[in-house]
Ligand SMILES: O=C(O)C1=C[C@@H](OP(=O)(O)O)[C@@H](O)[C@H](O)C1
Ligand SMILES: C=C(OP(=O)(O)O)C(=O)O
């Protein structure tokens with residue numbers, strides 16, 4: 001065993017406890033970006049994001065926005081952590097090259113964060129600055145082509161310093177600013193291609209009409225989230241036909257918002273009850289949410305758990321999950337997007353086969369998650385195989401091993417869940433959870449081995 005691997009705690013008894021999770025990555029990074037694009041006739045009034053996620057992905061977003069010209073101040077609001085963002089001063093998408101552009105480009109580090117690499121190029125194009133985007137070596141496999149194609153269609157000049165369609169690349173300022181207002185892209189590889197253009201589009205001089213040309217957009221819940229966040233902030237956006245969106249040009253008023261808990265990151269803790277026959281309760285569960293993690297109650301019931309959501313206010317409740325004596329597979333799990341590695345841990349403990357469908361785009365996530373899940377299930381003595389649009393778990397895992405994390409937070413937590421019931425599981429790089437939950441190891445230990 002690698003001496004730096006993390007020994008996954010085994011559950012000596014059914015896992016029982018009350019858990020809260022940090023704020024949503026997807027909502028935090030949308031609000032931070034929109035705060036940086038807010039405008040009240042150039043007065044520069046800041047916006048406040050209360051209870052933001054504090055993790056590598058949100059830090060990368062904040063650092064990038066600061067480099068692009070936003071002001072960032074950390075503070076407390078009614079005892080809760082918050083961040084106050086003073087907007088970037090934009091030329092309304094018509095900025096011409098400034099003196100600054102002759103100098104060194106602004107460098108944006110995307111790390112491995114999809115929300116940074118896919119959402120910020122459109123913001124960069126509005127700043128009138130030359131902006132160089134790069135990230136971790138592991139980010140170089142993540143598709144970027146549709147982002148670049150969309151921006152080029154709007155008149156943005158881009159040079160690609162690596163393999164075409166991937167990081168790194170540079171956004172160049174253009175004398176006329178953004179000239180186009182209608183583009184067609186193929187967003188089959190990531191919903192973030194759509195969200196990234198829509199989020200900044202209210203600040204484009206003529207707004208944006210965006211069409212998707214491929215067969216389907218994956219993780220559509222995340223596009224729904226983008227539309228809802230924009231509408232809540234007063235941006236006019238609609239979807240006149242499936243896979244077409246129109247954002248009207250306009251101001252984004254400065255705002256104050258509190259971020260919901262991350263329902264995707266809630267998954268491993270809820271699964272701790274599911275796999276050990278324990279009982280976990282989670283207060284603060286939103287009664288209505290655009291997060292894909294809202295699917296947990298239904299998914300956990302599908303695997304045999306008892307789940308109930310008891311409202312405690314108009315907007316939130318406590319979710320109770322009780323694990324069964326023995327997990328049973330629903331047979332097919334469809335379109336679970338970023339929840340897939342966590343659901344795969346449940347499937348890997350079921351005697352029956354489980355087929356995961358409509359998740360082909362996970363090949364472009366933090367790692368090729370289909371290959372990674374199949375490899376790690378096999379390493380633990382189970383049988384699994386890839387399919388065109390997903391994978392099958394054919395037989396359950398049987399023994400411990402060191403689970404590779406592939407720099408992927410969700411592969412690391414996949415290993416942690418299995419380690420609750422399979423002796424001698426370790427996780428090669430538990431530190432990869434810092435992407436969205438830096439204190440995962442402590443939180444996990446508090447719940448499963450207090
Ligand atoms: O918009 C977002 O915040 C996200 C969209 C999804 O991306 P894909 O469409 O690439 O799956 C999701 O998996 C990712 O974790 C976050
Ligand atoms: C796919 C994910 O992240 P990203 O935002 O980097 O795409 C994820 O968190 O599962």
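Any Cβ shown, glycine's included, is placed from N, Cα and C.
What you see is a predicted model, and the numbers here were worked out from it, not measured in a lab.
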Further phosphoenolpyruvate ligand in TrEMBL, beside 25, 114, 142, 369, 410, 435, within candidate set 192, 216, 248, 291: 192
Listed recorded positions among 30, 219, 338, 365 whose Cα sits within 10 Å of residue 114 (phosphoenolpyruvate binding site): 365
Sequence-ordered binding-site residues from 30, 191, 219, 369, 435 with Cβ under 6 Å of an atom of ligand 2: none
For residue 410 (phosphoenolpyruvate binding site), the one of 30, 219, 338, 365 that lies nearest, given that the recorded positions are compared by Cα: 338
Residues among the binding-site residues 30, 142, 191 that border ligand 1 - Cβ under 6 angstroms, in sequence order: 191
Span of the phosphoenolpyruvate site, taken as the largest CA to CA distance across 25, 114, 142, 192, 369, 410, 435 (Å, rounded to a whole number): 19
